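Here is the structure we will look at, set down as structure tokens.
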Amino acid sequence: MSSSRKQARLDAKSNIESLSVQPYPNSKKIYIDGSRPDIRVPMREISLADSLVGGTKENPTLIPNEPIQVYDTSGVYTDPNYDIDVYQGLPKLRERWIEDRTDTEMLKGVSSVYSQERLSDETLDELRYGNLPTIRRAKKGQCVTQLHYARQGIITPEMEYIAIRENMGRQKFADEQLNHQHPGHSFGANLPKEITPEFVRNEVAEGRAIIPANINHPEAEPMIIGRNFLIKVNANIGNSSVSSSIEEEVEKLVWSTRWGGDTVMDLSTGRNIHETREWILRNSPVPIGTVPMYQALEKVNGVAENLNWEVMRDTLIEQAEQGVDYFTIHAGLLLRYVPMTAKRVTGIVSRGGSIIAKWCLAHHQESFLYTHFREICEICAKYDVSLSLGDGLRPGSIADANDEAQFAELRTLGELTKVAWEYDVQVIIEGPGHVPMHMIKENMDEQLKHCHEAPFYTLGPLTTDIAPGYDHITSGIGAAMIGWYGCAMLCYVTPKEHLGLPNKEDVKIGLITYKLAAHAGDLAKGHPGAQIRDNALSKARFEFRWEDQFNLSLDPITAREFHDETLPQESGKVAHFCSMCGPKFCSMKISQEVREYAKDTEQVALDQAINIKMLDDPLEGMRQKSAEFKASGSELYHPAVDAEPVKS
């Protein structure tokens, strides 16, 4: 290991060992209670300063602003009442709910052969997570998926939790200005003003939404993915053969949840994948997804042709028993689709897709993922692992967008969706990729048509190929658009896309970009309450409440840093201008003065008198305004609260 890599690992180890609660500025963790004592739904509440509405500097008239509640994915990492210890893991939030259903059993040990081998290897003791939980599995003849419960008409605690979470406490806002919202264009999405537990249950039962919630990941806070809910964002982390360590990946996990990652995928392809994943799961408040194929390939020393169902089956069980909430499975890539990619500019760019394509050609038969798909569903049903049906033939360049190969695979994914639903296994569909703006909607339309309204989950799409280093932007454009059209979850892209493994700062930039895209999509759809935060920030901006502007933003730290680069003094936090326009050309400051001016009845009466005089002498009004300006000291701008009409 190089000295720089060793130092990065040591720094990460130090960081996770000394993790302390780091709340957002002027925010606090609150909990909204449900129907039972153990349903406590976290929100982040942002406190706001009062609005100045009149008076003088010495005796101002103030009106309080209600705090704003926002969706929170950070778990206990922002709860000051919790002592963080990554060696003990997170509280098992859902453990009691799972026990109460009495349809699971505790296993005496791990079922996977590979897991048994890892546990018996003493050389891994230093790496291994020490507080391993007891494994659960469905009792014989039982199905433990949220889809199964929903179809039985059962509203689970998870569903109630989600209903509270999706509403974000917006019912309490009475302020007409905050509640103002433009009508959206939902493209057929059903967006009720209030999300109820029954609505959640019905959406899951119909297959339009999933609750990724493995019974072996009770630490995860329940969330939902579906086009009739808030658009979600996934963050990818994971080591490679040349970069990163367990400590760095745990650090990136915590970092991802802080900046709004609704789910996290561990895409590790390097050493110690099993141990890395255990550390991540035990410390993750959000659902964790994987691509099991990556680890299966490592087990056969990276030779795709040597993969087989036995290795894959053992890997699925291994990961399900650890607690992985959803698997990406590239089962829709069929042998006959591979030649369709021959004339592509960029061929097959999906790692999982290329592995399967190579295996299919080497054996000249359909992949074991396709031929054993029903067995995959049986495994998932025992642990409530959701399936994310992977798009192994997604376009890797805009030249290849919406081609025959891509849509042929999509239709097969729709067929597999119906098979998974036979086993009450939850399903989402993965999508592209690289697609120019004018071709994006066709992807959403085709997915809804062929995949029976199962939730769509896309990587971007990237709308142009000319910006390596800025692909978080090229893809953020496409993500906002497809989110508006109905995509349920967006997989983030970082500035390092196509260039290298992202570091912490890249993860943050990718997440902020995609939270922005998701929010823009929610606004465009007309999701109820989506505009409240925008309205609160705009009001703060107009009133020059700088701290509130920072704190209401997606990234308060960067917003404050940018402001302070040019106005670092504390006086800059109360100034009625910023460095963009300066004190004399601030449009909002001038607008405030105009508003105050218009409010003054004496001034209105005076102007009316001037207007009458102007009928007799058009220059009289000009002369009077000139006199007013000189009498006020010939100053172009005055503080809005001090402005007094000059009497002639």
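Glycine residues also receive a Cβ, built from the backbone N, Cα and C atoms like all the rest.
Swiss-Prot lists Asn236, Met265, Tyr294, Ser350, Arg351, Gly352, Asp391, Gly392, Leu393, Arg394, Glu430, Tyr457 as binding substrate, and of His330, His372, His498 the one it places in that same site is His330. Non-local neighbourhood of Tyr294 (substrate binding site): Leu267, Ser268, Thr269, Ile273, Arg351, Gly352, each in the same chain, at least six residues away, with C-beta under 8 Å from its C-beta.
When other Cβ atoms within 10 Å of the Cβ of Asn236 (substrate binding site) are tallied across all protein chains shown, the result is 23. DSSP assigns Gly352 (substrate binding site) to a helix in the three-state reduction. When Cβ atoms from all protein chains are considered, those within 10 Å of Tyr457 (substrate binding site) total 27, not counting its own. Considering only the residues assigned to substrate binding, Asn236, Met265, Tyr294, His330, Ser350, Arg351, Gly352, Asp391, Gly392, Leu393, Arg394, Glu430, Tyr457, the longest pairwise Cα distance works out to 20 Å. Proximity of Gly392 (substrate binding site) to non-local residues of its own chain (separation of 6 or more, Cβ distance below 8 Å) is seen for His330, Gly332, Leu333, Ile348, Ser350, Gly352, Gly353, Ser354, Ile356, Ala357, Glu409, given in sequence order. Across the structure, Arg394 (substrate binding site) and His434 (Zn(2+) binding site) place their CA atoms 8 angstrom apart.
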